[in-house]
């Protein structure tokens, strides 16, 4: 009699192990919806966590999405968030359903077909063992591994390639982009190039700057001349560049102190860097600007807004956490494509992304903001602050809307957002950097590129209007504070339902609550 419970317990463990084996085998098959790494069978179809969550949310609120094109948008890992209508239709066409049967109830024919596909995927992986592989986080991954996998960094290695799911990043002149902690790896060739009728080359003199007691452009609020900041212009002065000076809490001015022994930067190289950053940005935009503009008349009705307001706090937080995580994944892809970023050590890549990813998302949000009626694009339509009332953090939402409103007043071009967000991300003042010199070099290159582009387009005036760094930090701090309050109220929801990457970046508690199995 005493052995019966033991046999039942052993049988349960064996059944659990068998199910786990089946699940791990299934995960070798990519998501049927977008091609990302799958995490098992969800609603009857092999999908990734992202598509599973998207389908669950669409069914909860009986969402009625619309397509701005011809209802045939491609759905893959990089485009899946651009058209919710086509994504949902693909989910339904492939058989996703709330009433779908589970794996254990599949027919023999279905199981045999699934087994054959698993074997096919395993064979393909064996053939590709000699090729570079970009890892993706396993379902439920937590801690630093999540961001490491998202970056595509194998343990102990630092590949320089980009994700295979995105177009290849364009190459830039190695002289300008090499980030070396020691030695003059920067291009030493003097180049003369025409810009708005002016012919010039830039020279930086660290010794001259130190002799005059200046730390950087960030250390003074007064206007600086080329002589004061260590720039030398030959033949003609570059219009505007030498006169740009901002306060210590601004992204607007070059921190020339940061450059190593790197005397010269040709305008040709700077222009190439501008083009590279803008291309990387275009390839990693979550939503196309033309689609956002086309949807501005598509506003949530009063009934739809009421529906959002009646949602529980935890459901609304979960929704926003998933949307924010998707946006951050695009920022990670953007970072990987910034020339020189993947040459940084793994620690510094993670430090920069943990500190700057949310800030970049906040800047990018201004594209999805309509200043005419103070609404933002969310889940297929535009809505105001009242849409997010269920979150219980009206002050944070109001601050974010105000920030987007102030940025939209600058009328950023897409290229300006690209260069500005690159500077927001590559910030050598982030605490915890191991090779600060390399980050300073990258930051300096991007500062030159940003200023070059603004001078070329006669937009130098926006530098004085850029929000201070402290504003972005304040918004991020408010977000973390509100998350901590929510996490205190609903620890199990955060642990079980929030994306691992979101928890790694923002949550202060990574331990599972008592009684919650991993």
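Glycine residues also receive a Cβ, built from the backbone N, Cα and C atoms like all the rest.
Record features, source Swiss-Prot:
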type	residues	note
REGION	1-30	region 'Modulating'
ZN_FING	31-51	zinc finger
DNA_BIND	31-96	DNA-binding region
ZN_FING	67-91	zinc finger
COMPBIAS	109-118	compositional bias 'Basic and acidic residues'
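Summed and averaged per residue, pLDDT over the DNA-binding region (31-96) gives 85. For the zinc finger (67-91), the DSSP-based tally of helix, strand and coil residues reads 8 helix, 0 strand, 17 coil. In terms of DSSP secondary structure, the zinc finger (31-51) contains 3 helix, 4 strand, 14 coil.
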